[in-house]
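Structure first, commentary second.
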Amino acid sequence: MNYLQLPKIDLHCHLDGSVRPQTVIDLAKIQGIDIPSDNVDDIKSLMVAPESCPNLDEYLTRFALPVSVMQTEAALERVSFELFEDAAKENVKYLEVRFGPQLHRKQGLNFEQIIGSVVKGMHRAEALYDIKGNYILSIIKVLPKDDINEVIDAGATFLNKGVVAFDLAASEEPGFCHEYIPYAKYALDKGYRITIHAGEQGVGQNVYDAISLLGAERIGHGIHINNHKDAYELVRAEAVALEACPSSNVQTKAVENIESHPFGDFYRDGLLVTINTDNRTVSDTTMTKELQLAAEKFNLSEQDYFQIYKISVENAFASDEVKQSLLKFIA
């Protein structure tokens, strides 16, 4: 397989984990922000997580630097544009990017400005490149809950014009879904689709709860359903797609190593699995790299890959028109 040339779809990619290191330097200069170095290799080393982190929380420390310079409309628009540009150049045909609007208010932007800026950057890239995209709004679970509905309201203005879904992200505690039932319902009532980070850090029950309590149609990661029979069967029965991120899952110790990742078993058992980057910079990866890793480690043929691509199309939060156009790339 020519991994670079193959058409690709990425349904699980974080904006603040996919910023170009040089852009962090540029934005810091423009905004007069002190950063540890103006050497791109030094900055990259602060943004890329080690191949093996002790846990997810250690991995998440790599986001502080890019977020510090993503506090203006121009910065958000640029970072969004560049992510879509980078993806388009490796034949990603459709990209869903998630980000937490709550993280970008340090210089006084409101949620409409924050969301509008990233959508604008995406639309600029769509006009220049053969790529389509949408945004997912991630609620950061470690932050106060009092402005969650405000985020949902602000995003509703952009629903189906660049924003499509609601997500919960950040470190994963057992039983977290119970606290977010009213917020997920509020988002659903507004017309959002739902995908939830769950089952990344060893808690299969969280996947069960995300589907049964929050209405999740997709699950971010979900790998620990392999030790929770009820969650596994619910994922199958409800045809819930799993957003697998192989490199990231090894880095965060969600799995011990790539050989122990359940992706191949899930695929062969008929679960709806997809291949995604998670964080292009923090995991120092691309869709090309993730596809090659998955193909080689899980013994996927080109036909297998086309089947996974179709699963990604069918479970994308895209319009029917966009889905039809995406299927033409493998016709």
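The backbone N, Cα and C atoms fix where each Cβ goes, glycine too.
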Site-mate of His12, His14, His197 for Zn(2+) in Swiss-Prot, selected among Asp278, Asp284, Asp304: Asp278
Zn(2+) site, defined by His12, His14, His197, Asp278: further same-chain residues with Cβ within 8 Å of the Cβ centre: Cys13, Gly17, Arg98, Ala169, Gly220, His221, Glu243, Cys245, Ser248, Asn276, Asn279
DSSP state at His14 (Zn(2+) binding site), helix/strand/coil: strand
Where Asp278 (Zn(2+) binding site) falls in three-state DSSP terms: strand
Cα-proximity to His221 (site 'Important for catalytic activity'), 10 Å cut-off, over binding-site residues His14, Asp16, Asp278: Asp278
Other CB atoms, at most 10 A from the CB of Asp278 (Zn(2+) binding site): 28
Residues satisfying Cβ distance under 8 Å from Asp16 (substrate binding site), sequence separation of at least 6: Phe63, Pro66, Val67, Met70, Phe99, Gly100, Leu103
